[in-house]
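Trainee: One structure is given below, represented as structure tokens, and several questions about it will come after.
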Amino acid sequence: MAFTDLLDALGGVGRFQLVYTALLLLPCGLLACHTFLQNFTAAAPPHHCQHPANYTEPTTNVSGVWLRAAIPLNQHGDPEPCRRYVEPQWALLKPNASSHGVATEGCKDGWVYDRSIFPSTIVMEWDLVCEARTLRDLAQSIYMSGVLVGAALFGGLADRLGRKAPLVWSYLQLAVSGAATAYVGSFSAYCVFRFLMGMTFSGIILNSLSLVVEWMPTRGRTVAGILLGFSFTLGQLILAGVAYLIRPWRWLQFAVSAPFLVFFLYSWWLPESSRWLLLHGKAQQAVQNLQKVAMMNGRKAEGERLTTEVVSSYIQDEFASVRTSNSILDLFRTPAIRRVTCCLMGVWFSNSVAYYGLAMDLQKFGLSIYLVQALFGIIDIPAMLVATTTMIYVGRRATVSSFLILAGLMVIANMFMPEDLQTLRTVQAALGKGCLASSFICVYLFTGELYPTEIRQMGMGFASVNARLGGLVAPLITTLGEISPVLPPVSFGATSVLAGMAVACFLTETRNVPLVETIAAMERRVKQGRSKRDTEQKSEEISLQQLGASPLKETI
């Protein structure tokens, strides 16, 4: 008997599973706010050099004659953001005047920013423009570095300490570091706290998904995994609305961080995974948790009959194979695990590269940043509805593979779209982003189902590490556009297509298949599958031989 049979006996997808899933997915939704927050808090508005200290700058009419005399214009007729005339050139106000040969200099006295849309951002506060413009991207890279470190750290800790402890700590760390970020007075301190915030991303996402999957019967796992994607989509829509209402970056930062204190407080009620407790010799606590589940699901009588012996019998065959400690090498220890791990490394990396390459720089589309953020969030809804349907009725492997290949083709096709068709290019990019978001959430669930319970968190943590590496590489690939504009879209699209092909060729289907508890059980399942296929193949060969022999005998 499998552990999922016990969950079915205690109510299946009952009230406990619904409440538990909702309480875990709500924080996951707000994580999207932090991931894409710098689209708003680090937005770079139009700007130009501040005038010399001995020059009196009018307080109104920033596009008036004084600006034409003090700031050179670029090829589009806009003020140069990083240069100014050494001396005001009033002669340029005359018709047909030329600025050729006029001496210019850098912005020695700072910058003037257009505050009509953003009253304050970190770019304005610390002048992250011109020579310092790379620091803006550095801050986001540091956040993604934190996500990378968190994936490596929390994945291993969760398999050793349980799912709940790292999750509770991550809520607290994000609440504190997020609020502290809103009060820092220097860019270096801002980066430190952004790093700490990034670490919690993996701690929350990975442990929330594992808890949902491990408390959910087989028939409810697909919908639960897709709901995680919808929560992330909801978070992007919330960010667009909150950022539109709260424009100052410090208040916006605080607004999306404070709710995690509430999540920290109620997370103490969340029970630990009984699967993990049983596999680590804590059967009594597992029984207590299961009895609470039974009571909440209206199966109090069934819960009272539970004992440690009864509960342990559901995974008794697995206890003999459980290792008391695990290491990263366990992800490569056996052929079946090694095949899954190597394939997922490429899939997570490729998905992340393409996803963040599209979603982390909304200003490049030339439309309202709030509108683009909302569009990039809304597009996930129909995409995930399709993903939900195909995952339930077709399977995980076909769904993930199809979305990755489709997204890659759309990203490549986008580079052939004329640049003056900004709206059409944005819509096409949004469709590609929707496919990538759907494949992302599908592969989260797929990965959790592919790995056995004893190393599930470590496997998901390691896979997430590869995704974070992709997030770090994405900005570097974007810079290849300075060499050739076709390199970034080709790189993003090609990696996505290759990842989709790898899923189709090397991973097995997990739809309606009970979760595997140990590495040994996974190896047995793979061997049994091969034996069954070999038997079927031999039967077909014998049948074909007999079919071919009959006419020959009749002829003779």
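The backbone N, Cα and C atoms fix where each Cβ goes, and this holds for glycine too.
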Trainee: So that I know how the record lays things out, could you check whether G14 and L424 fall in the same topological domain in Swiss-Prot, i.e. on the same side of the membrane?
Mentor: no
Trainee: Against which stretches of its own chain does the topological domain 'Extracellular' (247-250) lie, if we need a Cβ under 8 Å and a gap of at least six residues from its ends?
Mentor: 40-42, 117-122, 125, 182-183
Trainee: Test of understanding: applying the rule of at least three C-beta pairs under 8 Å (pairs 6 or more apart in sequence), is the transmembrane segment (226-246) touching the transmembrane segment (16-36)?
Mentor: yes
Trainee: Do any residues, 6 or more residues outside the topological domain 'Cytoplasmic' (447-457), come within under 8 Å Cβ-to-Cβ of it, and if so which ones?
Mentor: 154-156, 158-159, 163, 206-207, 209-210, 213-214, 221, 225, 275-276, 279, 322-323, 326, 330-331, 337, 340, 344, 348, 396, 463, 507-508, 510, 513, 515-519, 521-522
Trainee: At a C-beta cut-off of under 8 Å, are there same-chain residues at least 6 beyond the topological domain 'Cytoplasmic' (159-166) that contact it? List them, or none.
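Mentor: Same-chain residues near the topological domain 'Cytoplasmic' (159-166) but 6 or more away: 203, 207, 210-211, 214, 267, 270-273, 276-277, 280, 325-326, 454-458.
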Trainee: Hey, does the transmembrane segment (426-446) touch the transmembrane segment (367-387), meaning at least 3 C-beta pairs closer than 8 angstroms, sequence gap 6 or more?
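Mentor: Output yes: the transmembrane segment (367-387) sits against the transmembrane segment (426-446).
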